[in-house]
Amino acid sequence: MGGEKFGFLIWILSIPCLIFLCYGYVPVDNYLINCGSSTNVTVTSRVFISDNLASNFLTSPNEILAASNRNSNSDIYQTARIFTGISKYRFSVARGRHWIRLHFNPFQYQNFQMVSAKFSVSSETHVLLSDFTVSSRVMKEYSLNVATDHLELTFTPSGDSFAFLNALEVVSVPDTLFSGDPSFAGSPGKFQGLSWQALETVYRVNMGGPRVTPSNDTLSRIWEPDSEFLVEKNLVKSVSKIASVDYVPGFATEETAPRTVYGTCTEMNSADNPSSNFNVTWDFDVDPGFQYFLRFHFCDIVSKALNQLYFNLYVDSMDVVENLDLSSYLSNTLSGAYAMDFVTGSAKLTKRIRVSIGRSSVHTDYPTAILNGLEIMKMNNSKSQLSIGTFLPSGSSSTTKKNVGMIIGLTIGSLLALVVLGGFFVLYKKRGRDQDGNSKTWIPLSSNGTTSSSNGTTLASIASNSSYRIPLVAVKEATNSFDENRAIGVGGFGKVYKGELHDGTKVAVKRANPKSQQGLAEFRTEIEMLSQFRHRHLVSLIGYCDENNEMILVYEYMENGTLKSHLYGSGLLSLSWKQRLEICIGSARGLHYLHTGDAKPVIHRDVKSANILLDENLMAKVADFGLSKTGPEIDQTHVSTAVKGSFGYLDPEYFRRQQLTEKSDVYSFGVVMFEVLCARPVIDPTLTREMVNLAEWAMKWQKKGQLEHIIDPSLRGKIRPDSLRKFGETGEKCLADYGVDRPSMGDVLWNLEYALQLQEAVVDGDPEDSTNMIGELPLRFNDYNHGDTSVNFSVAKEGRFDEEESSVDDSSGVSMSKVFSQLIKSEGR
């Protein structure tokens, strides 16, 4: 009986293969299961077999089949299988890519209310869903590259909850569908290793056309219309010429996208006003913290001849392709189907991907642009996750794997023991050398300063001095056990509390949130950086605590909070223009000090108004060094590193090239300058499209010479024109597209001092002289590190904790303005 049942199953599974023959692609594996059902169901010519026939694929501690949702318009959503314990599906498959489609439609069955179900789904290599809940019908589609002869899917209920599934698809994917190395969106280079990435389909969109159902797609995909994603629907028109589509050999095929997608498009509606200059934009909400694979589908169905369509393609306002001529890609074929692949990491910093098309600025005879289709797929992170949550897979429980592991362990156990013993010996010798050499290697610390700890986070011996360590009991006493009434802020690292130490010192206590994406690396960097610095314009670190796996940083308390809170959103009194200039000058001094250290320069990497704090006298201090990076070696121009920072302040060149320099801080500081001037957020999605990004908005008015039109209303009529002009010119230079064109922080500092002097009094000579740009400054003032040492003493060595030098500037508090007044007046020399 069992043989007959299995033979029938094979026959059933062969039916879809016969159907696919008429489309050209025959999947090697094609498992379609109607979970919870005792009968087969045909959906759009595909047969989903009953749960009874699929029982050979499932290992589950309980057999609960639910069937009560008779209101569903699709048979596969009328039943479900409920898992009350860890359950596994195991399929024999050919190696290669496979679609995994999980169908969910919650309903109530007996005591099981499926909307309250919470569970995780994982393969042997990737986490697909973590702590997943579902309130309405949804289909989750994944593409996994299977490297073995089987695929295992595990359903794990969270806590006392349960899991459920309405239908399951495991179907082969053509090997050529995801191949090659896609380009990075907006930056040079290519992403290598796409073939082994796990992908989750987030959006699959048919631009300008209707919804495409599985019956009209050779790979049974669903394509949604683009209308709900368009930002301005009145700027476009839909075009449909399905019969014109030409699949050119060697390029896109019907497996890439169906004819219905390539035969329709969304086109710029520029016919009424061909001279108008606008972009067509689509916005897509995504999960932050991941890279995304983007596939653009193009087919020129709007031109009457070759070389009549040139346009630009943008992703998150970055140029991806300029002057795109589709016919040049397709061997001079009109209406040829073509796909372009990119990888973007911009979603790591935001919850949205913005895609735009716009007319070419070079080929203006044909002012239009098109897009036929778009696919957006989430890529697994470094932890092989496609969903971030608390779930951690325990690994395969296969008996075979355990046996193999045991055999290997017994075989090489003695060898490993020798290696471990040898390793201990090497570490012991190295530790002795490091201690003799006063190394900064990070090692565990105990509360008494020794190098062993059972409960401490792995940290470093900070400059061989444990005086920075503060006991947890002292921190709790200072904050009244982290009383929420003492909370004064919250950030990416965790909450900040106001506290007071035994000696009466007021402190700000930053306590890490265990769920924060910032962790040990940022904690370590903050301590390492701030323990080296002593400067009046950098926030001082008082100590840290790492007991009981806590990560706590204790700083000097800044009475007036963040610069951001004094600009907008808090209802505080408005700052005067002089106060704002002095705050900018103080911040610039702090950054200049970081960039021009005695050893390697330090790049802050997260300059923003929220990281500039103000003391009781409104003196500015730069804070938050968790993302800071030591600058390049003397013979190098940059540091290659993963992009980190805050959206809106991020240097676009750093984002494109992933090459960090001091000029990245200069760009961010330029954004802060315009934020100070305009008193508005750097990104404000509530405003019109052209005003959303402050840097772009301010640069537009600065280049017009009309910056006064967008300044903080409370400052109108209170800023001298020449002071505003110098401030605007300086900010404009900071926001140059390329770092080489930006000034150093020393140049910025000099010009800000100049702007302050222009505000306070008219300098000798013609005030129009103040219009000179940064690049036109006398050579003497272009770089504080190379000028006349008799002039530069208060800047070039500003603030390093050196007894002889600190008396000159840092400790004495000599105003830069006094020195500056000698620089700009001829009689001062």
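The backbone N, Cα and C atoms fix where each Cβ goes, glycine too.
Look at Swiss-Prot and you will find Asp606 tagged as active site, proton acceptor, backed by sequence analysis. In the three-state DSSP scheme, Asp606 (active site, proton acceptor) falls into the coil class. For Asp606 (active site, proton acceptor), the number of other Cβ atoms no farther than 10 Å from its own Cβ, over all displayed protein chains, is 23.
Taken from Swiss-Prot, the feature ATP binding site applies to Ile488, Gly489, Val490, Gly491, Gly492, Phe493, Gly494, Lys495, Val496, Lys510. Listed in sequence order, Val496 are the same-chain residues six or more apart from Val490 (ATP binding site) with CB atoms under 8 A from its CB.
Among the features that Swiss-Prot reports, domain 'Protein kinase' is placed at 482-755, with the record citing sequence analysis.
Sequence annotations record features per position, and here Swiss-Prot assigns N-linked glycosylation site to Asn40 (among others) based on sequence analysis.
Here Swiss-Prot flags Asn216 (among others) as N-linked glycosylation site. Listed in sequence order, Pro258, Thr260 are the same-chain residues six or more apart from Asn216 (N-linked glycosylation site) with CB atoms under 8 A from its CB.
Summarising the annotation, Swiss-Prot assigns N-linked glycosylation site to Asn279 (among others) and lists sequence analysis as the type of evidence. Just so you know, the Cβ of Asn279 (N-linked glycosylation site) picks up 20 other Cβ atoms within 10 Å once every protein chain is counted. Classification of Asn279 (N-linked glycosylation site) by DSSP places it within a strand.
Per Swiss-Prot, N-linked glycosylation site is recorded for Asn380 (among others). Taking Cβ-Cβ distances under 8 Å and a sequence separation of 6 or more, the neighbours of Asn380 (N-linked glycosylation site) in its chain are His126, Gln197, Ala198, Leu199, Phe290, Leu386.
Per Swiss-Prot, the feature signal peptide maps to 1-24; the stated evidence is sequence analysis.
Model confidence over the topological domain 'Extracellular' (25-406) is summarised by a mean pLDDT of 89. Taken from Swiss-Prot, the feature topological domain 'Extracellular' applies to 25-406.
For 428-829, the entry in Swiss-Prot reads topological domain 'Cytoplasmic', with the evidence type sequence analysis.
Nearest in space to Gly494 (ATP binding site), taking C-alpha to C-alpha distance over the recorded positions Asn40, Asn279, Asp606, is Asp606. In space, Asn279 is the closest of the recorded positions Asn279, Ile488, Asp606 to Asn40 (N-linked glycosylation site), judged by Cα positions. Remark: Ile488 (ATP binding site) has Val496, Tyr497, Lys498, Ala508, Gly561 as non-local neighbours, by Cβ distance under 8 Å and separation of at least 6 in sequence. Asn40 (N-linked glycosylation site) falls outside any helix or strand according to DSSP and counts as coil.
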